[in-house]
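Colleague: Quick one: the structure is below, and I'll ask about it shortly.
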Amino acid sequence: MTDDAVTGSQDDAEIEIRFNSDGLVPAIAQDADSGEVLMLAYVSPTALKRTRETGQAHYYSRSREELWKKGETSGHTQHIREIRADCDADTILYLVEQTGGACHTGHQSCFYRTLDGTEVTERVFDPETVYE
């Protein structure tokens, strides 16, 4: 295993994840039961390794430039059921069991509004009380 690649097993063939020039890949989190897309974030090799070791979703924050465990502050965690790679191995999919809302705005999914700004889902928690 190299610093810029993390491998995973699929059908007994190792898949080498193709991290971009910043050392990241997009990671889509999807509810394993409902199929709802919850969020898109970025993953570094370390975040992917930690996710595989712990069974809890870890990501890399581009704004804070640090590794973070989903739910570390809010308690709204993502338990990993399966990790998949796309056909080009440059995007990954976390199939998760979501505890609480996935979005820091209080919604179940980060995709809670249309392009014209209409909110199509209700909040599942109050972010002001969670992120005091």
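Even glycines carry a Cβ here, placed using N, Cα and C.
Quick paste of what Swiss-Prot says about this protein:
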BINDING   D86, D88, D90  Mg(2+) binding site
BINDING   C87, C103, C110  Zn(2+) binding site
Colleague: For the recorded Mg(2+) site, enumerate neighbouring residues of the same chain (Cβ within 8 Å of the Cβ centroid of D86, D88, D90, site residues themselves excluded), in sequence order.
Modeller: R18, A85, C87, A89, T91
Colleague: Tell me the Cβ contacts of D86 (Mg(2+) binding site) under 8 Å, same chain only and six or more apart in sequence, or just say none.
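Modeller: Correct list: I92, L93.
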Colleague: Which of C87, C103, C110 has the fewest nearby Cβ atoms, counting only those within 10 Å, among these binding-site residues?
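Modeller: Comparing Cβ neighbours within 10 Å for the binding-site residues C87, C103, C110, C87 has the fewest.
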Colleague: What residue among the binding-site residues D88, D90 has the most other CB atoms lying within 10 A of its CB?
Modeller: D90
Colleague: Whole-number Å only: compute the distance from the Cα of D90 (Mg(2+) binding site) to the Cα of C110 (Zn(2+) binding site).
Modeller: 22
